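Undergrad: Pulled these features from TrEMBL for this protein:
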REGION    1-20  region 'Disordered'
COMPBIAS  1-14  compositional bias 'Basic and acidic residues'
DOMAIN    38-142  domain 'Calponin-homology (CH)'
DOMAIN    151-257  domain 'Calponin-homology (CH)'
COILED    272-299  coiled coil
COILED    437-471  coiled coil
DOMAIN    753-788  domain 'EF-hand'
DOMAIN    789-824  domain 'EF-hand'
Amino acid sequence: MDHHIQQQPHHYDGGENDYMQQEDDWDRDMLLDPAWEKQQRKTFTAWCNSHLRKAGTQIENIEEDFRDGLKLMLLLEVISGERLAKPERGKMRVHKISNVNKALDFIASKGVKLVSIGAEEIVDGNAKMTLGMIWTIILRFAIQDISVEETSAKEGLLLWCQRKTAPYKNVNIQNFHISWKDGLGFCALIHRHRPELIDYGKLRKDDPMTNLNTAFDVAEKYLDIPKMLDAEDIVSTLRPDEKAIMTYVSCYYHAFSGKQKAETAANRICKVLAVNQENEQLMEDYEKLASDLLEWIRRTIPWLENRVPENTMQAMQQKLEDFRDYRRLHKPPKVQEKCQLEINFNTLQTKLRLSNRPAFMPSEGKMVSDISNAWGSLEGAEKGYEEWLLNEIRRLERLDHLAEKFRQKAAIHEAWTDGKEEMLQQKDYETASLSDIKALLKKHEAFESDLAAHQDRVEQIAAIAQELNELEYYDSPSVNARCQRICDQWDSLGVLTQKRSEALQRTEKLLETIDQLYLEFAKRAAPFNNWMEGAMEDLQDTFIVHTIEEIQGLSTAHEQFKATLPEADKERQAILGIHNEIAKIVQTYHVNMAGTNPYTTINSQEINAKWDKVRQLVPQRDQALIEEHARQQNNERLRRQFANQANVIGPWIQTKMQEIGRISIEMHGTLEDQLTHLRQYEKSIVNYKPKIDQLEGDHQLIQEALIFDNKHTNYTMEHIRVGWEQLLTTIARTINEIENQILTRDAKGISQDQMNEFRASFNHFDRKKTGMMDAEDFRACLISMGYNMGEAEFSRIMSIVDPNRLGVVTFQAFIDFMSRETADTDTADQVMASFKVLAGDKNYILVDELRRELPPDQAEYCIARMTPYTGPDAVPGALDYMSFSTALYGESDL
């Protein structure tokens, strides 16, 4: 049966809608390049899914998933916002062809002339026809309505890309294929609108893969533009598919094309100001660089001309090292600075000439020729300096060689002996522990071995000193004195080493006797000390309770603790007995026990002091628990007293707020009747004040008792106060609103029926029932009354009804709007007109307006150079932007 069902395919018959012309080449594309077909499959699939996801679905295979027509119809409904005819749900071929034809008919109804695309090819999964159909949909719904400077569709989109990427020197968009291969075009579009998303300066034209992936990833993550292209496909294809590129770029257009008029005006001014700022900065840079370079030359020449020799090799070597640092580190950057100075000077003069500015004349003495003359003087002073240094070093080297050998060996020996006498004379063993004594003995044995090894060096030093004396060295007295000090010190070290060895061995035997007693004391004192510290901490712990049950639990635990005290006192006596035994041994053998127990820091005085503290804290804890029990009983009484009143007053306030809200929204009776009713409410509310005052008194008692919770009520005093203040404010505001409505009605001759009609419309669109409409509710209200307006017109109306920009429209503002109409127009073509846009159509502009609309540095640039405005409509602080605009180019026109 399916083979007998055929529908007449849709045919393209030329004529209107050139933008949909399938570029007269779709028939040629029946033999699509495989690379192009791959790109179109991915791009068109991603584009379709970017819309189908709004309906909670997607496609995987573009020629298979549209065969039954269901997702094709759903795609058209999503992108058009319209409902198509009800689809056939059957799975037979006739049902699928019917659904596809409904979709094709809907496309044709939008003014699209299809080219040989029939429902049968789509149902049969013809890839070329399916891609052609999707391209037709993209052209109609994503590209047709693009309009830029009187161009539209493809040409409009290309012009938009060229305008947005114009500031980027390495981007040249001429088409929708090879112009995009290096990826910089996509990155430039993103950076132009969202510079914080891409570090454009780090991108390289020779790295298209990184550029493309960067743009695709950023667009997907931050701009909600799905990844429709593969970087590998674009780079590997000689000529990327134009339709795939156009589809993806159109998503950028729709994401970024909503810029405001003020941005355009500000950008125009920024371009003009940037030229002057750049030239002035180049002038300042030249002056500073020239001054710095001349000052460096002035300081360096005297240093190079100094030929006074030093008396030591070290000083002369330092001079040579300083000169080499100068040649290697200091001079090369200055050579570069001199070259850069000349380049900057020539570049600045060229830019000034191209922008019709006067030539730059540096300050006196800072011409390029002045710097060249100074540089010549520098190189003259430098000549011969290095040769002089080397000759002086060779002369000192011959004289000092032998003396240096003596100094090196003497210095090594003195460094080794430094502090050794003081170390050997120490009596650290007198207060050391047993383990310290054993360590000191091993250390001393190592020192004795080291001492013997240094004997050869002492003999060598004495021999060198003798040789210097024989050669009559000019500084022999100091050499002899140094040698004598070394020999005398060596003899002293031998005597002190023997004495220390004997003292260490004697002390070791005495300390081993009492070490075991120290260990036993430490093992028993530590746990007992921990028990006392824990007991003191618990007895002094500040308790915070909120109920009688909690304080009773603390009292029970305290009684249990007191029962353990007798047993603890027995352990204390045993520990003190060990300490007394140690003291007896120390006194008998006259051991110097300035040190402490190596196994613990606890002593007998500390144990006794802590025990006395525990005994003292027990009765204090008893008294504190008794007092807290009495306080908790009083707190419970205060909680119940406050809760009984708050549980009545809170609901009463909520009820009154609801009743007032109903009166202000409902339309029972005239405005005068509503006003009378509200004033009666106001009187009854004021008469309730004494009960609030009484509750405040109870709350003060609770605060003085430091009570922070109350399980008997959910109301706090702050809730009651806020509710009471809101109630007073609401009744007063509601009365004022009714009075203003009466004044408006009488002043503008509005009948009561009209007022009721206004109120009914307002209440209908006040969906949140707050007494105010938000912006979207107000827009819906205006549309229901027949207003046909764009975004700009709606913004103008909102500025009238919501001058304070609170985002809401009150009923009073709604009434005022219904009785008046306003209109605003603005135009701007050149720099003066752009300033006029920023100035709000005034003949002058204010400082605050400049700082609000322009970047900080360019705003301050304008403020510093604009003269005060003197016209008849001048106000304090007004600036003349017209003469400033003319002055930017001298006498030439903008």
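Yeah, the Cβs are placed from backbone N, Cα and C, and that goes for glycine too.
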Undergrad: Give the nonlocal contacts of the coiled coil (272-299) in its own chain as ranges (CB under 8 Å, at least six residues past its ends).
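TA: Sequence-remote neighbours of the coiled coil (272-299) are 334, 337-338, 340-341, 344-345, 347-348, 351-352, 355, 357, 360, 362-363, 365-366, 370-371, 374-375, 377-378, 831, 857-858, 861-862, 885, 888, 894.
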Undergrad: Could you give me the DSSP helix, strand and coil counts for the domain 'Calponin-homology (CH)' (38-142)?
TA: 67 helix, 1 strand, 37 coil
Undergrad: Using DSSP, what's the helix, strand and coil tally for the domain 'EF-hand' (789-824)?
TA: 18 helix, 3 strand, 15 coil
Undergrad: Quickly jot the same-chain residues contacting the domain 'EF-hand' (789-824) by Cβ under 8 Å, restricted to those at least six beyond its ends, or write none.
TA: 737, 740-741, 744, 748, 750, 755, 758-759, 762, 771-775, 777-779, 782
Undergrad: How does the domain 'EF-hand' (753-788) divide up by DSSP, counting helix, then strand, then coil residues?
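TA: Helix, strand and coil residues of the domain 'EF-hand' (753-788) number 23 helix, 3 strand, 10 coil.
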Undergrad: For the domain 'Calponin-homology (CH)' (151-257), what are the DSSP-based totals of helix, strand and coil residues?
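TA: Final tally across the stretch: 68 helix, 2 strand, 37 coil.
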